[in-house]
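> Okay, handing you the structure first.
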Amino acid sequence: MSSPALEAIAALPQPELKSVFAADPNRLSKFTLTQGPLRFDWSKTHLTSETLDAFLELAKDMDFARWRDAFFAGEPINGSEGRAAEHPAERGEGNAESVSRAKMLHARMRALIDAIEGEALGPIRHILHIGIGGSALGPDLIVDALEGNGARYDVAIVSNVDGTALERAISRFDPEATLIAVASKTFTTTETMLNAASAINWLVEAGVEDPYGKVIALTASPDKAIEWGVDETRILPFAESVGGRYSLWSSIGFPAALALGWDAFESLLEGAAAMDRHFRLSDPAQNAPLIAAFVDQYYTRVLGCQTRALFAYDERLRLLPSYLQQLEMESNGKSVTRDGKPVDGPTAPITWGGVGTDAQHAVFQLLHQGTILTPVEFVASIEPGHALDPAHHRALLVNCFAQGAALMRGKENEADPARAYPGNRPSTTILLNDVTPDALGALIAFYEHRTFANAVLMGINPFDQFGVELGKEIAKSIETEGAKGFDPSTMALIDLALGVV
Ligand SMILES: O=P(O)(O)OC[C@H]1O[C@](O)(CO)[C@@H](O)[C@@H]1O
C-alpha cells in the first residue's frame, strides 16, 4: 500500500470490535442504513467516524462524483475498450437515448415472450438456456432465487463445455417441448457454440421437425446469430455497451422473464433502478454501495486481507456467491490503473463463500480461529422462502446473527488456548425484507455499484477483462496445432490425454 491517503487511514487508531458499542452509544445508527427493502449493517466492522471521513476524502481525491456522473451519462468510461457501461439504462436510468433503446428492446423481448406463451413455437414446457459467465450466472441466480414464487417453465441453465452438463439437462427434457435460448454477447464463445450445436443435434436426433425454429438468440451480435442459423424474428439483441457480467437486465434475462413472468422481471428492474437512483443521488456519507466499498478498501488495501467471504443465510440466494465471484473478480482483479500504470497496492480480494448454516459446519472453523483475517458478509431475509414450520427460519436467522456476534466478541480461555476465540473479526449483515424480485434487483444493483465504487477508489477500469483471453488463445492453438512448441509438461498432458479423446 503506497497511496498516502491509505497510509493516513492505516495510521488512524483501529478499534477493538468488542468494545466499539460501549465506546459509542450511537454506533448502530451511524453504521446502519436502510435503503428500500434492504438494511445494511456495518457496525460490526472496524469502520469508525474517523476512517469514514478519511475515506470520504479519498473518494473526493479519486473524483468519485465525476466518474459516477460520467457512468450514468453513458460516457465511454471503459477506456481500454472505448465504450460506455450502460447496464443502468436497462433499468431505465441513465443516458436518455440508451434508455429508450433498452425500452424498445425490452418491448421486443416481451412480444416474443407473449408469442411463446401463445404457443407460436408449439407447446413449450422446458427452457434450455445455454450460455457461460455473465450469460449464465445472472439468469441462473434470478431463476433459482425466485422460482419458488411459481415458475411457469422448467428451466435448465447449461454453461460448462463438459458434455455431462448438457446431457444431464436434456435427459430430463422432452425435445418436442423444449425451447433453446442461446445466450452469448459475442455469439462466438467456444463453450456456448459447442453446447448449442449439440442441443440442435439432440433435437434433430429426436425427430423434431424444425430444430432451428426452437432457438432464441440473446446477443449483442445479431449478425453472428443469423449466420449461425437463427431467424431474425427470434433474435433478442442488447447493446454492446452492456457488459457480459452486467447483462442479466437485458435480453440475457430472457429465461427469468419467461419463467417468472414479465411482471416479476419488471419488478426486478424497478428494484435495481431504485438502487441506481440511491447510488447516483445520495450523499456519499449515506451511500450504501460507496460505504460498502470503503469497508472493502479498508480490509483489502489497508489491512491486506486477501479474501472476503459471503454467506447467504437463505437457500434462495445459494447462487449469490458464485455470481459475485464473476462480478467482483472479473471486474476488479486487475494490476494496472486506467492509464496502464502499475496499481499502488492490492486490488480485488478473492470472493468466496457459501450458504448458512451449511458453511458453519465446514469452513467457519478457519473464520473463528484461523490465522487469516477474513471480512465476512451475511445476507439474510426476514421472511422465509417456505411454508414449513417457522422454527426453520428462526433457527436459520438465530445462527446467522450468532455467527456475527461470535466473530466480533470471541471468547477467552487461558486454560486451553485451543478453545479460545480471538474475536475482533469483522462482519457486515445485509438484511432483506424478503427475497422478492424488487429486493433481489436492488441487491444485485448494490453489488454492481459497490464494485464500480471500489474500482474508482483504486483508479482502475472495472469494465474490461483481458485476463481471460490468453487461456482462450492457447486452447485454440492446442486445438489447431496440437502439442507442438509447448513446454514438456503441457506436451506430455496433451499427448497422454488428447491422444485418447
Ligand atoms: O456472452 P459471451 O460473449 O458468450 O461471453 C461469456 C463470458 O465470457 C467472458 O468474456 C469471459 O471469458 C465473460 O466476460 C462473459 O460473461
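Yeah, the Cβs are placed from backbone N, Cα and C, and that goes for glycine too.
All annotation found in TrEMBL is predicted automatically rather than curated by experts.
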> Tell me which of 78-99, 408-429 corresponds to the region 'Disordered' entry in TrEMBL.
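It is 78-99 that TrEMBL describes as region 'Disordered'.
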> Would you find the one among the active-site residues Glu330, His361, Lys472 whose Cβ has the most company, meaning other Cβ atoms within 10 Å?
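Compared across Glu330, His361, Lys472, the most Cβ atoms within 10 Å surround Glu330.
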> Using Cα coordinates, what distance in whole Å links Glu330 (active site, proton donor) and Lys472 (active site)?
15
